[in-house]
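As written in TrEMBL, here are the features:
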- 40-69: transmembrane segment (TRANSMEM)
- 89-109: transmembrane segment (TRANSMEM)
- 130-154: transmembrane segment (TRANSMEM)
- 192-210: transmembrane segment (TRANSMEM)
Amino acid sequence: MLSLPAWKCPEWTLNASQVNTSSPEFIEEWQKRIRELQGAIMVASCVQMLVGFSGLIGFLMRFIGPLTIAPTISLVALPLFDSAGSDAGIHWGISALTIFLIVLFSQYLKNVMVPVPVYGRRKKCHISRFNLFQVFPVLLALCLSWLFCFVLTVTNTLPESPTAYGYMARTDTKGSVLSQAPWFRFPYPGQWGLPTISLAGVFGIIAGVISSMVESVGDYHACARLVGAPPPPKHAINRGIGIEGLGCL
């Protein structure tokens, strides 16, 4: 939606060093885009709730299977290829390490049971075995890669010059983001003004909502398989899609 000509950022906002981010003109430029995005998401969320709570998604289940879910997820990810490539290109070594760890955990260590301490009413404190690598392959890979970059940063193995290759892999390049962020921030409806609605924005978000619903059906079955539960029935999928729409709203 924001790639439409009407919503492209003005030329004077592209140079961050020459823009007064606290000026009313600049604040209005980004807030009006947020309001447009909010309105489109709210309307699309109502469509998703209608599809879920009306039982329509359960009726469409007969047409949703692996042959529809796999191409849908692939098509959703294709537009992200440029962003993923440019971000991974900041340091291909770290990117390759992350990919290697994700594949290692999700494909080769998925059946390894890791002992973890557990507290229960009957057995109190005891040791239980958990498929840690199968449930958290991406999270574990990202944490380990970040820790590796942290070690390289502390030892100054990564370059300190902003123009050098690999500088952005340092963990202290954006350290100010955490120090400047408020400890508590409470979002509320209409925070940036009254949401606006346009036909182009609504249809753009609805396209994303449709692909999200198809993907969610696959997610529900995948989660059920991971925890050893039977496949979710249609009425459970209907409620899930409806609650997703309510959460987005």
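Placed from the backbone N, Cα and C atoms, the Cβ positions cover glycine too.
Remember, TrEMBL labels are computer predictions, not curated facts.
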Of 40-69, 89-109, 130-154, whichever stretch has the most CB pairs under 8 A to the transmembrane segment (192-210): 40-69
Outside the transmembrane segment (130-154), six or more residues from its ends: residues with CB under 8 Å to it: 94, 97-98, 101-102, 105-106, 109-116, 169-172, 226
